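According to TrEMBL, the active site annotation covers 430, 439. The annotation domain 'Glycoside hydrolase family 9' is assigned in TrEMBL to 37-452.
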């Protein structure tokens, strides 16, 4: 990889939130500066994953967020999203099977084939086959969707912790409501298992299974209860979280990625980061299992000897140095793993690696890998191309102009959006019809945003030590 242009990770972090603001629809709040992916479907599995991940990145790297002036920006975005999730929880009940939650708004075939334009101009209402056909599908005891309700529970619990912290958007009342609903939806997911399928039409985001989302939700509810615990000991929710983690590990230990379908990696990192609270007879083996999975996963992603081309969903390195998994949204996967690597580096301690020198070297390996991968996305690559809309610093020759997004084709500003990314030969053409490489979505930016915050956090620490990134990573 050629020498890197100078990147401002804090500026990129701010730009990413500009994209999230541009994605909002309906009555827009006064603080907004500018639907799921390129379309107008409201799909709550990838939405829940994106929101959980954004909240997690803010909580892990809070100091960096505040130093960059982005804490209140993030909290505002998450507050608005949380209120939408509350509206989707159409029946809230402490009787698990009585809960009802909206899984999807809109029909995939109608949206993809019959309307290309701004969401505010799409016809409202109409029979199947018309451009205005917008069915609402609801998860209930007779229509399971534990993958979606589990992910929604995780998002609500994670956002509640953000809104409980000091800032312009601190809201203890909403935080408490989100925590109550997270517990209800988690109980619902456990009582009515199974992945969601639309009753008619195509399924844009079919989940492999639901147990990973339930495990992730369980750990977030556990984290909420640990934060509120007044007495020592492991809350009952945390004991249940161990059981849910083990259920996920039994079927998801093969996963090579973390995305809207696979939450096992995020659950592993959550459990590992909370290990000091898990003191029980069965806890140590679960924590060791989570750590072993993370080490294996990150080892696969950081093995630069694996050169492309390779079989799809086998990590390989492009000639330009990108860790590449698959052609559809390649950068999304790399960005998500970058956040996992950053969290793992931050959470490593002497209890895991006793030698201070080895501990420091291991952290450095992960952090420098994160920098190399996000640097590639920002324009430090052989083509000197940024893959972030609107980001083109000195030394970068191009950035995406034609993202695969309906509103973007009508000239609004979608700065900050991370496009799908190049092929495994570093090839990329800026064509709107190429949804493999040029689509933008809520979940594409999610892990990327948290990883940006981690780089800003590291930059602050390096500056305090009088060290540059090039010196640190040499």
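Glycine residues also receive a Cβ, built from the backbone N, Cα and C atoms like all the rest.
Mapped onto three states, the DSSP output places residue 430 (active site) in coil. A simple Cβ count within 10 Å picks out one of the active-site residues 430, 439 as the most packed, and that one is 439.
Cα spacing between residue 439 (active site) and residue 430 (active site): 10 Å, rounded to the nearest whole number.
Across the residues of the domain 'Glycoside hydrolase family 9' (37-452), the predicted structure has a mean pLDDT of 94.
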